[in-house]
Amino acid sequence: MTTQSEYDYIIIGAGSAGNTLAARLTEDAGVTVLLLEAGGPDYRLDFRTQMPAALAFPLQGRRYNWAYETEPEPHMNNRRMECGRGKGLGGSSLINGMCYIRGNAMDYDGWAKEPGLEDWSYLDCLPYFRKAETRDIGPNDYHGGEGPVSVTKPKAGNNPLFHAMVEAGVQAGFPRTDDLNGYQQEGFGPMDRTVTPNGRRASTARGYLDEAKKRSTLTIVTHALTDRILFEGKRAVGVAYLVGDSDTRIQARARKEVLLCGGAIASPQILQRSGVGPAEVLNKLDIPVVHDLPGVGQNLQDHLEMYLQYACTQPVSLYPSLKWWNQPAIGAKWMFLGTGIGASNQFEAGGFIRSSEAFEWPNIQYHFLPVAINYNGTKGVQEHGFQAHVGSMRSPSRGRVQVKSKDPREYPSILFNYMSSEQDWQEFRDGIRLTREIMQQPALDPYRGREISPGIDVQSDEALDQFVREHAETAYHPSCSCKMGTDEMAVVDGQGRVHGLQSLRVVDASIMPIITTGNLNAPTIMIAEKIADKIRGRQPLPRSTADYFVAGDKPARGKPLREISHQA
């Protein structure tokens, strides 16, 4: 038994991109949209997703997290590694770390050098970043003031460790920047976050859907698991999906287009299950081939990161807030006033550096955290501490996503192939050693205790490599598995249209040709804003005329205030 309905557009996935498209397309009178989301609602009374400081909670369990695992990663001691992905209205913007980082201007200028992607330069993209954003301190040439995404800048009076860590980075010889999303990304400075003025997570469900839900032309179905995209010949005409635990396939038809916004894991999986992908993969599973497209699921990229943890000699870290007896007061202050520790994701400082002159723009990212704990909330150090998250930005390693079954409830096979190049290993060795130099600068003298992790005995290349193999974790930035472009491995063109098919687009982080320098939520929203104008037949926003930093022949680093020698 099937039931059927018809809409202008069907959007698969109510995440960072899907919600953006749903809101923008329904701004046009009479345009009907069906938005399908495999997860549930974004319950506004659930502190796990709404309180910024509770960011570790939605990663635990499977209510809001698909909780994928990789195949054994061959260069990481064959570990099966986490691959968390958001499930529910908001997608990964419902469970992410809320770091608002756009990437480096050179990322987009690099995309624009590819044939067919000429209009993806930084100055073409910047107007769409601005369109999406409302920054709490007001708009300027780089930031918006009227968009659906609430962005909060760190305020005076926040934790002194943030300021000490930025100062230490500057004392180590690296630049200072007052805005990681402004004129110059390179350097250390305050980190913006997607949090509302009253201290709530600013997911795309809150920012975009709250307005769009008021329109009768938008239909949202939660707990709707997409089985496959329906085709007539080479034209996408609809979607078959399941609701809840039912095995009844419901069919919905799209008069204009099907818009796939499942993210870098689900989008290639859904394409392959629908008969679009490498023919040899589909044939093994007896999936009828609609279109042999070898790049679907290939080119998978991510950011890997390490934690360097230190004891804190003054009682200024967030360690007491991890204790259950302190949490009711923190929760009450957040609930009723929208302020306090609960209102921040606690990633309020960070930076981007070049580990050597070989890189034209930053290849290492830092997040600073005034507590020593794993990102997913596990293995908290039982004392006052602080840590730096450090990771490489544009690894040459490439992975893949492959469907394992026709069953939409079966997870795909995921392999990132982390650390498969010598460049990866050199960047992590350099990153750890540079971080140690930063941590030894005078600004941290009042706070710095012993090195908890990796530990001062971990010094040689071999020891550092072993530590990375055992302890590096994902930064939860999968991307690039349905890349834009014109070469034989490209899946979509510069407007997200799937090569060789009609009426089907992919719009999410999977279409990035190369991963950006930083967190992926802001770029994903920008991509959706930009392609929304294409779908609507609107003229693109005028190119920005803002200036932006290009390192050129400037050195990656100046002379440090305190010289640190590395033990052999």
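Keep in mind that glycine also has a Cβ here, set from the backbone N, Cα and C atoms.
Look at Swiss-Prot and you will find 8-37 tagged as FAD binding site, backed by sequence analysis. Taken from Swiss-Prot, the feature active site, proton acceptor covers HIS477, and the record attributes it to sequence analysis.
Features as recorded by Swiss-Prot, highlighted on the structure.
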{"residue": "ASP8", "record": "FAD binding site", "DSSP (3 states)": "strand"}
{"residue": "SER16", "record": "FAD binding site", "DSSP (3 states)": "helix"}
{"residue": "ARG24", "record": "FAD binding site", "DSSP (3 states)": "helix"}
{"residue": "THR32", "record": "FAD binding site", "DSSP (3 states)": "coil"}
{"residue": "HIS477", "record": "active site, proton acceptor", "DSSP (3 states)": "coil"}
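Long-range Cβ proximity for ASP8 (FAD binding site), meaning a same-chain Cβ under 8 A and a gap of 6 or more residues, is found for LEU25, VAL31, THR32, VAL33, ALA254, ARG255, LYS256. Remark: of the binding-site residues SER16, THR20, THR32, the most isolated position is THR32 (fewest other Cβ atoms within 10 Å of its Cβ). The two recorded residues ILE12 (FAD binding site) and the residue listed as 'active site, proton acceptor' have their Cα atoms spaced 20 Å from each other. The distance from the Cα of the residue listed as 'active site, proton acceptor' to the Cα of THR20 (FAD binding site) comes to 19 Å.
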